[in-house]
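Asks: Here it is, the structure in full.
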Amino acid sequence: MAEIDSVVPPLPPRYRFRDLLLGDQYFQNDDRVQVEFYVNENTFKERLKLFFIKNQRSSLRIRLFNLSLKLLTCLLYILRVSLDDPTTQDPWELIFWVNRKVPVWAIQVTVALISFLETMLLTYLSYKGNIWEQIFQISFILEMINTVPFIITIFWPPLRNIFVPVFLNCWLAKSALENMINDFHRAIQRTHSAMFNQVLILICTLLCLVFTGACGIQHLERAGKNLTLFDSLYFCIVTFSTVGYGDVTPRIWPSQLLVVIMICVALVVLPLQFEELAYLWMERQKSGGNYSRHRAQTEKHVVLCVSSLKIDLLMDFLNEFYAHPRLQDYYVVILCPTEMDIQVRRVLQIPLWSQRVIYLQGSALKDQDLMRAKMDDAEACFILSSRNEVDRTAADHQTILRAWAVKDFAPNCPLYVQILKPENKFHVKFADHVVCEEEFRYAMLALNCVCPATSTLVTLLVHTSRGQEGQLSPEQWQRMYGRCSGNEVYHIHLADSKFFGEYDGKSFTYASFHAHKKYGVCLIGVKREDNKSILLNPGPRHIMAATDTCYYINITKEENSAFIFKEEEKHNKGLPVTGLYDAPSRLPVHSIIASMGTVAIDLQNPAPAEDSNKLTLPTENGAGSRRPSIAPVLELADSSAILPCDLLSDPSEDETNQSDEEGTPALEYVKGYPPNSPYIGSSPTLCHLLQQKAPFCCLRLDKGCRHNSFEDAKAYGFKNKLIIVSAETAGNGLYNFIVPLRAYYRPRKELNPIVLLLDNPPDNHFLEAICWFPMVYFMVGTIDNLDNLLQCGIIYADNLVVVDKESTMSAEEDYMADAKTIVNVQTMFRLFPSLSIITELTHPFNMRFMQFRAKDCYSLALSKLEKIERDKGSNLAFMFRLPFAAGRVFSISMLDTLLYQSFVKDYMIPIARLLLGLDTTPGSGYLCAMKVTEEDLWIRTYGRLFQKLCSSSAEIPIGIYRTESHMFSSSESQMSVNVEDCEDARDRRESWKEKTAHRNSTGSDQSEHPLLRKKSMQWARRLSRKSAKAPSRAERISQQRLNLYRRSERQELSELVKNRMKHLGLPTVGYDEMNDHQNTLSYVLINPPPDTILELNDIVYIIRSDPLAHMPEDLPGRQQSAKMKQDYNTETRDETHL
């Protein structure tokens, strides 16, 4: 039985032409039973239909043969006309009879016979029961007119010279061409665009009309002017083009009637063709057509996949993508499922973008649309989420499906994915680069509380700029701020570097200090050749090697720099070379001027003197003993000699040595990894934790429980200022807000209590994740409720963080999504002027409404400056807005450039995550800040501070956050206008003093120089004033009333707050309504020049080395924590930069 089953009968052969004629007689003598499934195909008619119609390839050959026959008949007609010689005098005989040569007649009869038989066969095969429908088809009638007369002449020779309108076969050739193209598409299983077919049909229609008219007029005019075929063709073209010269005209009425008929047919047929073509063109404009395969193979392009394309998103991407010189020849293909917006259409019609940006309407989930975008040939694919959606989880799901579809279609195409929710990040871990919006948002907001303006610092670092913003402004702070904003992060191999090549074999700290001292660049990180992880400030134990990759901050990359050695001739002549700091008049080498081409770095002293590292201190009152100078930075420093800098506290100090006044609760903290992560894929971070998790009831700030009876923030008696976070829901992103503020390197005595003010109660899953962190509480309430703000302790808070709410991100008018947040923050700004409010907005353009002062001339001047910078094409036109410069507001959309820059700088996402504390790599440092006090002003300059930090605590400064006094009240604006006439004369007398003061006060505070301050006021009022009329007495009285009204308004707000506090039973002692910081401006200086003068209350951004990296290796705690971190990283780390 098994042998019988194993015998498989052979399959019958496929259909051949002999099978078409003989059928299946070959198998009739076989004793096997045949089962025929397609019985209808067994008939002779069905076999013919299969061969002539159904089979695509055979049908295509028949269509091609038919087209050749029709074109041959048209050529034979032209040949017959050229050989014709009319001799008879009867005009009607010339119309009905022609002179046809015998060879031409024979060929025409043969072709006509073949065409007739083919037509009869196809008519028979396509017969469906209605014979009249077949007979009255136009194609059948034309075939009979052009073939039957020739067949009759075979049997009746006198009719051989009868006229037959063979030129009408051009219409049959047109129909055969259309059918042939359709069969061709079916045969190759591919389709050309409908636009191609419609254009081909239109061209064929025009050719047929002109050819028919020319042949008909030429034949009819045989009885008139006897026009040649060329003259007839000329007449038809002139007539159809509506030119009508009149030099060639038909004379007899039949030809004139034919012209009338042809014009009527053209007026009917051509508009229909043009209408169809216009409709297809409009549809193609909406869908975008295809990206050329030839262009995809010869040119480079990237694909941008989005759900809906807004003008802001498009311009941010194009400006940042094309800011890099080597990307100028790239094409950008946009794949979007929605129709192109009107504003986007206008932008893409600009010549700057029309030749490089191609818009395709389609879905990334369809292979056909991915093929149109030539995704398999793309250099990269950017998949962006729609952050304006109300349901952000649904937006992430769409992004995930797009990423999967692209990866399935083009596995080798690099993916750059933007995700919104951190819990959805692990679905796209296969992507080359991933940016999670909520992770970066909350981490940046958290660091803003401990390191002011971190959001501004990171935003300026990830934006491409030339440092030219604000350089024409008379304000010194704007010029310095704009110049320093041009600093970006670059990388280079040590062996190929002029900046760092000479530090091979020396410590990282030594290389960082001397590179900044000599070239003005700030070395912040390094990566070993055998290690994929980037280390920020690995400390003095790291010895630089030739194979290391160096990461540094500078105006431009080293490859675009020109080195000019001014002291080279002195070396050649044997002259002594002075040190870098020997002469007070000689500036250090830091003058880096950004231009469109290269950057010239003036190397005045490439070889400093031996004692140049010894920076002596100024004497007191010109005499007395001199304090010790700053220690030099050693080439190979002993890590045991690295002591905490006396400017700040040691982050790795033993917190058990605290004073007894702090109480015992601080001793309950331990360092460890959070046991409960709220989502998959969170990076492990060593944090301060409670020994035992807090009960959920104790996390509620405004309600007591059986463990404690506290019902407000005052009752807890916190020693440090509070950090209040206002959010709509307790999402998983809030976890990334808490972790950086509870990291192990934060001293215990500096931990700030965190209060989460939530619109909706959190779920138990979130509470389970935060219950291990010390001093973290939540409260249900909103920021527009004054009672909720007072209960959560806003009086005792130092920072209030307002997170953009998801429910308000989608509005009928896009830019109105921030309206509620802006108004609420403005209210708190008026009620609590001393509070530092950090706000996140959806749209960066709305930052101008933060802390809005309608009558302040200085704000109006800044608004005009922003417009000027935007007209110049700056990507950072909003940078001079005071709330953004001070780090009080930012928009997460500004970090979209982080994903765009990763195409050129693949290290930007890991560096940003390390700076924000989202990732903690063993041996890598972290970002923190230190404040310059009066005791630290003896250091004088930023370069000396760099040496002090490197030599004492191995810390790398990267920038300064500076605050200056300023007046913004409307009275200042009015006063500047009132006293303008009398000040102008005084300004002219003191102009030379201003220039002198400007030269002698590089980098100093404007508040210490009244003349610079006066110049600032002049600039502001000149930009804002409209007339120079002196104020009248009535105006002065109205200004005084306004001042009184403002004071009464402030008192009214103060009384309102105090009354609500009394009603809630809260003490009013902590509320000081007049203690505000509204009359100051703050800004960030990234990598300032070494000769920048330090000022009181400057906050210096520093990258502190990992405290665990300097601990002895034999400590069991060190080994255990390192092993725990290594094991954790081994489980979670993969090739994706998350």
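Note: Cβ is positioned from N, Cα and C throughout, glycine not excepted.
Pasting the feature list from TrEMBL:
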type     : residues  : note
COMPBIAS : 988-997   : compositional bias 'Basic and acidic residues'
COMPBIAS : 1124-1138 : compositional bias 'Basic and acidic residues'
DOMAIN   : 299-435   : domain 'RCK N-terminal'
DOMAIN   : 720-860   : domain 'RCK N-terminal'
REGION   : 605-627   : region 'Disordered'
REGION   : 988-1012  : region 'Disordered'
REGION   : 1112-1138 : region 'Disordered'
TRANSMEM : 64-83     : transmembrane segment
TRANSMEM : 103-123   : transmembrane segment
TRANSMEM : 135-156   : transmembrane segment
TRANSMEM : 199-220   : transmembrane segment
TRANSMEM : 257-274   : transmembrane segment
Asks: Within the domain 'RCK N-terminal' (299-435), count helix residues (DSSP H, G, I), strand residues (E, B) and coil residues, in that order.
Replies: 59 helix, 28 strand, 50 coil
Asks: Per DSSP, what is the residue tally for the domain 'RCK N-terminal' (720-860) in helix, strand and coil?
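Replies: Residue counts in helix, strand and coil order: 60 helix, 29 strand, 52 coil.
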Asks: What residues in the same chain, six or more past the boundaries of the transmembrane segment (135-156), come closer than 8 Å to it by Cβ-Cβ distance?
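Replies: Answer is 73, 105, 108-109, 112-113, 115-116, 119, 123, 162, 164-166, 168-169, 171-172, 175.
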Asks: Within the same chain, where does the transmembrane segment (199-220) have neighbours whose Cβ lies under 8 angstroms from its own Cβ atoms, ignoring anything closer than 6 residues to its ends? I mean 6 or more beyond.
Replies: 74, 77, 81, 95, 163, 165, 167-168, 170-171, 174, 177-178, 181, 227-229, 231-233, 235-237, 239-240, 250, 252, 254-255, 258-259, 262, 265-266, 269-270, 273-274, 277
Asks: Which whole-number mean pLDDT does the model give the domain 'RCK N-terminal' (299-435)?
Replies: 90
Asks: Which residues, given as numbers and ranges, are at least 6 beyond the ends of the transmembrane segment (64-83) yet have a Cβ under 8 Å from it?
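Replies: Here the qualifying positions are 98-101, 104, 107-108, 111-112, 114-115, 118, 146, 166-167, 169-170, 172-173, 176-177, 180, 211, 215, 218-219, 229.
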